[in-house]
């Protein structure tokens with residue numbers, strides 16, 4: 001199945017209030033901030049969105065709110081994955097109801113499912129989505145599910161699978177997948193190797209740090225498209241300096257703290273068992289947020305974004 005969703009797609013965080021309840025006002029502001037950055041698509045309800053710390057009703061409400069706020073301005077991919085096929089089917093139906101362009105699902109994890117069981121799981125979700133294309137989400141480091149290249153080749157040929165989100169540092173495998181399936185849309189998942197992933201054959205990326213500096217990833221995407229490897233490397237290094245700071249503070253909490261300091265969300269809260277950023281890291285993040293927001297404003301005034 002052909003899929004045209006290429007380029008830079010933000011993996012959307014879920015803002016919470018101080019009671020760890022979903023903050024829909026902040027969610028809407030975050031969507032608008034992505035649009036300001038000239039981001040054209042959102043990946044909703046994935047790892048960055050803390051989906052596995054939410055119940056099905058909450059996940060469905062997020063899908064509804066994002067669709068409402070986006071109002072046709074963005075390509076929307078609904079991550080509906082989880083351990084339970086039945087719950088994923090419910091969310092796939094919701095994605096169809098709210099007008100999403102595609103669904104996505106991580107491989108079911110925790111239990112040692114067979115490859116055949118994984119394939120059945122995906123087919124059932126796809127059938128529930130009533131014609132929506134599927135983006136398979138492969139993230140072996142967190143799911144614990146490690147498919148061979150032959151298994152990936154089989155998985156992406158399931159009817160209505162149109163894309164693969166490949167969150168892996170194995171660039172050789174990424175190149176092999178693209179060579180074997182040139183029609184498949186391939187997304188790079190690790191933000192820190194976005195430029196390298198594009199060179200290896202990715203058609204775009206889905207990432208969490210796009211929310212705080214999406215314009216940089218757009219520059220990388222354009223640079224690689226124009227064969228300007230030096231520019232792409234320069235911008236990737238700039239992104240990786242931010243990512244290095246986030247790793248030291250905790251990536252998800254760090255991203256939310258930056259968004260909080262930038263005035264985009266009302267609190268930097270993640271759901272338990274995630275911890276808040278330690279006080280010793282706050283000053284560094286505050287100064288980084290100021291620099292990023294100033295850079296965003298400059299780009300906006302220069303109409304770069």
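Yeah, the Cβs are placed from backbone N, Cα and C, and that goes for glycine too.
As written in Swiss-Prot, here are the features:
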| type | residues | note |
| --- | --- | --- |
| ACT_SITE | 137 | active site, proton donor |
| ACT_SITE | 165 | active site, schiff-base intermediate with substrate |
| BINDING | 47, 48, 167, 189, 191, 192, 208 | aceneuramate binding site |
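Features per Swiss-Prot, on structure.
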{"residue": "47", "record": "aceneuramate binding site", "DSSP class": "coil"}
{"residue": "137", "record": "active site, proton donor", "DSSP class": "strand"}
{"residue": "165", "record": "active site, schiff-base intermediate with substrate", "DSSP class": "strand"}
{"residue": "189", "record": "aceneuramate binding site", "DSSP class": "coil"}
{"residue": "208", "record": "aceneuramate binding site", "DSSP class": "coil"}
- Message: Distance check, please: Cα of residue 191 (aceneuramate binding site) against Cα of residue 137 (active site, proton donor), rounded to an integer number of angstrom.
- Response: 15
- Counting only residues 6+ apart in the same chain, whose Cβ is under 8 Å from the Cβ of residue 47 (aceneuramate binding site)? 11, 106, 139, 142, 208
- Item | Cβ-centroid neighbours of aceneuramate site 47, 48, 167, 189, 191, 192, 208, 8 Å, sequence order | 11, 190, 206, 207, 209
- Query: In whole Å, how far is the residue listed as 'active site, schiff-base intermediate with substrate' from residue 192 (aceneuramate binding site) when you measure between their Cα atoms?
  - Reply: 15
- Whole-number Å only: compute the distance from the Cα of residue 189 (aceneuramate binding site) to the Cα of residue 165 (active site, schiff-base intermediate with substrate). 6
- Message: Measuring Cα to Cα, how many Å separate residue 137 (active site, proton donor) from residue 167 (aceneuramate binding site)?
- Response: 8
- How far apart, in angstrom, are the most distant Cα atoms among the aceneuramate-binding residues 47, 48, 167, 189, 191, 192, 208? 16
- If you skip the near sequence neighbours and keep only those at least six away, which residues in the chain come within under 8 angstroms of residue 48 (aceneuramate binding site), Cβ to Cβ? 11, 12, 13, 208, 252, 255
- Item | residue 208 (aceneuramate binding site), number of other Cβ atoms within 10 Å | 23
